[in-house]
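This report refers to the structure that appears directly beneath it.
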Amino acid sequence: MKNNIITPQYNCNGTFLRKNRSFVCRKGRITKSQLQAIEKYWLSIGIDFKLEPLDFTSVFKNSAPVILEIGFGSGESLVKTAANFPNKNFLGIEVYKSGIGSCLRLAHYSGINNLKIIYHDAIEVIDQMILDHTLSKVQIFFPDPWNKKRHHKRRMIQDFFLIKILKKLNNDGILHIVTDSKEYNFFILNLIQNIDNYINLSKKRMCFEHFKYRLVTNFEKKAKLSGNKIFDLIFKLKK
């Protein structure tokens, strides 16, 4: 498994170009079992980042719909969802190695064969590895809201990002975002309103308080215990 989660870029003078990213590069804690899972299962479940598009039919050995999840954390929800929907393929992207190790371990012991994961920056993966009109759904559950105003530029959900996702969805494709931040919820809704090709499936309610087909994540359980309201934002690609 390659350890670089971003592709270094330099200007003509050789100076490293720093970009605003939605995550902080840090080593963090990783357990022995997570490291062992990476060593044992990465070759069968993981996909190394490459500057070339994926052929999903070749990757999954079938032509079933592909669902992309960005930032899957420990992978518990992603693995359970993949197990519950064996007729769909799942691709997960995560930038923290501990989450990669945890997800690999869970996926192996679940015995599923419809899940692949990538350890890299999601925007680079979307730009370089995902062909247009190949995803049936993109789900982003509890992205970092970067609550301080001066940090809003770090938020993953920006207008340019939503347009990137739009191009990757196939006809009737779905974008599903979940947040426990009321301010981030309205921030996203305001962005979506200025992009013509998204239909808000929640219609007059503007957002779902809960989406019955989504599994509850550990993060969501903690958010509810803290008294936070959960917002499910679901948008469909306009034909």
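Cβ from N, Cα, C; glycine included.
The secondary structure of Asp121 (S-adenosyl-L-methionine binding site), as reduced to three states from DSSP, is coil rather than helix or strand. Cβ-based neighbour count (10 Å, all protein chains) for Asp121 (S-adenosyl-L-methionine binding site) stands at 21. According to Swiss-Prot, the S-adenosyl-L-methionine binding site annotation covers Glu69, Glu94, Asp121, Asp144.
Among the features that Swiss-Prot reports, active site is placed at Asp144, with the record citing similarity to another entry. A coil conformation is recorded for Asp144 (S-adenosyl-L-methionine binding site) in the three-state DSSP classification, outside any helix or strand.
Taken from Swiss-Prot, the feature substrate binding site covers Lys148, Asp180, Thr217, Asn218, Phe219, Glu220. In three-state terms derived from DSSP, Asp180 (substrate binding site) belongs to neither a helical nor a strand segment and is classed as coil.
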- Using Cα coordinates, what distance in whole Å links Asn218 (substrate binding site) and Asp144 (S-adenosyl-L-methionine binding site)? 15
- Note on the structure: Here the binding-site residues are Thr217, Asn218; the one whose Cβ sees the most other Cβ atoms within 10 Å is Thr217
- Query: Can you count the other CB atoms that lie within 10 A of the CB of Glu220 (substrate binding site)?
  - Reply: 19
- Task: Could you measure the widest C-alpha to C-alpha distance across Lys148, Asp180, Thr217, Asn218, Phe219, Glu220, the residues recorded as binding substrate, and give it to a whole number of angstrom?
- Result: 25
- Message: Within a 10 Å radius of its Cβ, which of these binding-site residues (Glu94, Asp144) has the fewest neighbouring Cβ atoms?
- Response: Asp144
- CB contacts under 8 angstroms to Phe219 (substrate binding site), restricted to the same chain and 6+ apart in sequence, sorted by sequence, are Gly73, Phe141, Phe142
